Amino acid sequence: MTTLHIAEEVRDALAGNRPVVALESTILSHGLPAPRNREVGVRLETVVRAAGAVPATIAVLDGVPHVGLTDQQLDRVCSDDLLKLSKRDLGAAYALGRSGATTVASTAALAHAAGVRVFATGGLGGVHRGASETWDVSADLDVIARTPVLIVCSGVKSILDMGATLEVLETLSVPVVGYQVDRFPAFYRRESEFEVPWRVDDPKQAAAVFANGDSGMLLANPIPHAFEMDAELHDRLLAEGLELLRTRNVHGKDVTPVLLEHFHTASGGVSLDANEELVVNNAQLAAEVAVELAR
Ligand code: PSU
Ligand code: MN
């Protein structure tokens, strides 16, 4: 198996049991347009540092898995046409010397391999609408169940079947914990109709829940109030996006990027601001939890 390349700053922090936060790269390469993605990538690392943790953005470059990127490497993730690598793709990417951004599944696996316990992202992959016919269920769910990493996210997008996603998480014994909310967040919206089984109100409680479990855990952190998307705009974009998938016959791993693209262009940037702010907010909370875990 290929050796992980861990950035020196990250390695030092891990060796000294100081807080580290892993950051996903698919959100940068496939979830946000250039050059905005680069600004977000830098902002994420900045808020993690400000909260007292070391950021470790994860990606595969020329067949080498990197935990912690240099500025030049972050440039590549944000400008090159990289592959989208889920966990099952890692071996092939290493063997064939390919470059790709990592999803929640592959980022969690690489973070865990490096010894990083906390990870921030925007939205999680899940059960797609119509999955009873297509079987389209993100590998994110199964990998979280098997990988003891705490993932801070803003729930899942309503482009997924949220109820089914929560059912699968229950089946897989993944703890789902709301952060200062009683309902599961719906990415662009603070709350969905679905209740979360557990709620915590500060980073210390979140860290304690994770430390007492043995699997991955979801800490569901709603988008900040000021950036929540208008419900009507949201429902319109969703209906249009789903129609677009049907007419263009989009399947598999292209589904999420195509829907995101539609949201960003058709909302005139409103969804882009929402997306950026919620991820930054998640990176900050992840750093606060990592600080508590390292105590
Ligand atoms: N959901 C989002 N934005 C994203 C993704 C999901 O709101 O960018 C990305 C994440 O990297 C996630 C992946 O891990 O899509 C899931 O892809 P799939 O459904 O193909 O497993
Ligand atoms: Mn899929």
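Keep in mind that glycine also has a Cβ here, set from the backbone N, Cα and C atoms.
Under DSSP, GLU24 (active site, proton donor) is assigned to coil, being neither helix nor strand in the three-state scheme. Non-local neighbourhood of GLU24 (active site, proton donor): THR57, ILE58, ALA101, THR102, THR103, VAL104, THR107, PHE119, ALA120, THR121, each in the same chain, at least six residues away, with C-beta under 8 Å from its C-beta. What TrEMBL records for GLU24 is active site, proton donor.
According to TrEMBL, the feature substrate binding site maps to LYS84, VAL104, SER138, ALA139, ASP140. Annotation note: VAL104 (substrate binding site) sits in a helical segment as assigned by DSSP.
In the three-state DSSP classification, ASP136 (Mn(2+) binding site) falls within coil. Here TrEMBL flags ASP136 as Mn(2+) binding site.
In the three-state DSSP scheme, LYS157 (active site, nucleophile) falls into the coil class. TrEMBL lists LYS157 with the feature active site, nucleophile.
In this view, LYS84 (substrate binding site) is surrounded by 19 other Cβ atoms within 10 Å of its Cβ, with every protein chain counted. Across the fold, the C-alpha of ASP140 (substrate binding site) and the C-alpha of LYS157 (active site, nucleophile) stand 14 Å from each other. Taking the centre of the Cβ atoms of LYS84, VAL104, SER138, ALA139, ASP140 as the substrate site, the nearby residues of that chain (Cβ within 8 Å, site residues left out) are THR26, SER86, LYS87, THR103, ALA105, SER106, LEU124, GLY125, VAL143. Separating the Cα atoms of ASP136 (Mn(2+) binding site) and LYS157 (active site, nucleophile) is a whole-number distance of 15 Å. In this structure, SER138, ASP140 are the binding-site residues from LYS84, ASP136, SER138, ASP140 whose C-beta falls under 6 Å of some atom of ligand 1.
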